């Protein structure tokens with residue numbers, strides 16, 4: 001049985017001790033990192049949240065403490081009282097390496113079994129083991145460093161928002177299901193039989209209502225939930241830095257958030273973000289990078305070579321252009337000698353993005369090598385090379401298809417080649433860009449209807465409103481995403497604040513007036529009472545912390561994450577519940593038949 005503290009108080013954290021503390025009598029508490037018995041001396045590395053301190057116990061210092069210290073094992077939780085002295089053999093690799101503690105008294109607060117994972121930095125352990133014993137995984141110094149970064153970052157954000165006169169307000173977790181996009185997590189109501197709450201995918205509607213309520217500037221570090229198929233770096237529950245402002249336009253939101261980004265990255269990463277941050281329209285991003293979240297740390301831009309081959313007899317190019325598509329290319333530098341097998345692999349890669357194939361032209365020392373050269377005139381080949389600014393040693397990769405396929409496949413290929421050529425290896429740059437003027441709507445061919453690109457409350461650009469019903473695909477949105485190194489960090493928009501325009505939007509999305517009012521009556525009703533123009537933005541806090549902590553795994557920045565199957569190996573949630581609980585809810589559970 002562990003000893004109790006009996007009024008003993010810790011006086012300093014292990015990792016905070018430095019040379020200027022030598023001579024002080026201290027009380028430290030923590031976990032045994034390791035123990036070494038060197039005959040007449042026992043050395044214990046004691047670890048707490050702030051770091052590791054070497055403690056030495058000896059018969060000459062205190063015999064009882066020495067004998068007791070010899071009993072401790074890895075991960076025992078102990079307290080030690082004693083005097084700090086200069087270390088005889090300093091360790092310059094440790095912040096506390098010039099000092100050690102002479103242990104005069106020790107208490108074993110609790111014992112530990114042999115841990116199933118090592119408590120050390122850079123642990124190479126299976127993810128399911130780490131998640132199963134997450135409380136041990138979180139003891140590791142590199143994990144604790146991440147959560148200090150998370151804490152400090154949210155504090156900087158809160159302080160900044162407070163200085164900018166924002167109010168931190170909480171919005172409901174149990175709310176109404178308004179499905180449009182990802183699936184809601186549903187919570188059955190015991191009091192209202194057959195009815196359900198939904199967990200919020202974002203605080204979107206409530207923050208708009210707060211603007212109608214006259215709160216002017218709102219923010220929240222908000223928990224959000226989406227019941228969607230998990231891709232890499234997605235979690236069913238995640239955290240947003242959410243904000244909304246009244247009487248503002250797009251530029252106001254962008255300007256404020258640029259200053260916030262600048263502050264966070266200066267204080268947390270020591271990086272000076274130059275303002276204003278570059279802006280790029282969605283159309284330009286797609287045409288140049290094949291993505292609405294372009295990674296601008298490297299070039300390899302997409303080039304439209306349709307004009308260069310517009311009179312070509314090569315059937316693949318000709319039919320793509322005739323059918324309203326295009327022929328576009330990227331240039332892989334110094335890759336002309338890429339093995340044919342690798343090029344064929346890249347051809348298979350673009351097919352996963354619905355491209356029919358990949359044409360290529362290698363600019364070798366001894367001339368041009370290409371399976372399509374025989375189909376192209378000499379001047380067409382020259383025009384292609386000129387358009388992509390090709391030089392000897394380069395490899396030109398070409399896709400011909402409808403524009404959406406060309407953009408998607410070449411955008412993905414651009415990133416794949418950058419990975420293959422290790423273009424971004426050891427690149428520590430933070431490259432921001434705002435993407436603006438998104439399409440307001442996109443056509444869902446399966447459902448045969450238009451759907452909102454962001455959400456149905458986004459304001460169309462003023463000059464495009466007239467096309468809302470007649471040509472919905474043409475309408476651009478007052479929407480903006482902040483992108484960092486090819487990842488969407490956050491997104492926002494100016495909101496519709498007019499009932500009539502909001503009803504028009506719902507109609508284009510396929511809602512009847514009745515169904516729109518049934519789902520969103522509380523918002524539409526509120527818009528009858530003088531709503532202000534308003535706009536906002538939300539960041540993915542987890543993704544922001546990933547950048548600041550230098551990890552590519554979202555599970556590293558969430559204390560208790562789910563695995564790739566939305567399952568918690570630690571608590572085994574989701575799990576079965578008592579039959580009584582289910583009966584109270586008026587729910588009948590049927591087994592899903594295996595497909």
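Cβ coordinates are placed from backbone N, Cα and C, and glycine is handled just like the others.
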Pick from 196-199, 200-203, 204-207: which range has region 'Aspartate' per Swiss-Prot?
204-207
Which of 287, 488, 590 belongs with 226, 227, 228, 235, 540, 541, 542, 543 in the ATP site listed by Swiss-Prot:
488
Please give the average pLDDT for the region 'Aspartate' (204-207) in this predicted model.
96
Close approaches to the region 'Aspartate' (204-207) from elsewhere in its chain (Cβ under 8 angstroms; 6 or more beyond its ends)
171-172, 175, 178, 218, 220, 242-244, 455, 457, 520, 522-523, 536
Largest separation between Cα atoms (Å) of residues that the record links to ATP, namely 226, 227, 228, 235, 488, 540, 541, 542, 543
20
Just give me the nearest neighbour of residue 488 (ATP binding site) among the binding-site residues 226, 454, 495, Cα to Cα.
454
On a C-alpha basis, identify the one among 226, 454, 495 that is nearest to residue 543 (ATP binding site); the candidates are the binding-site residues.
226
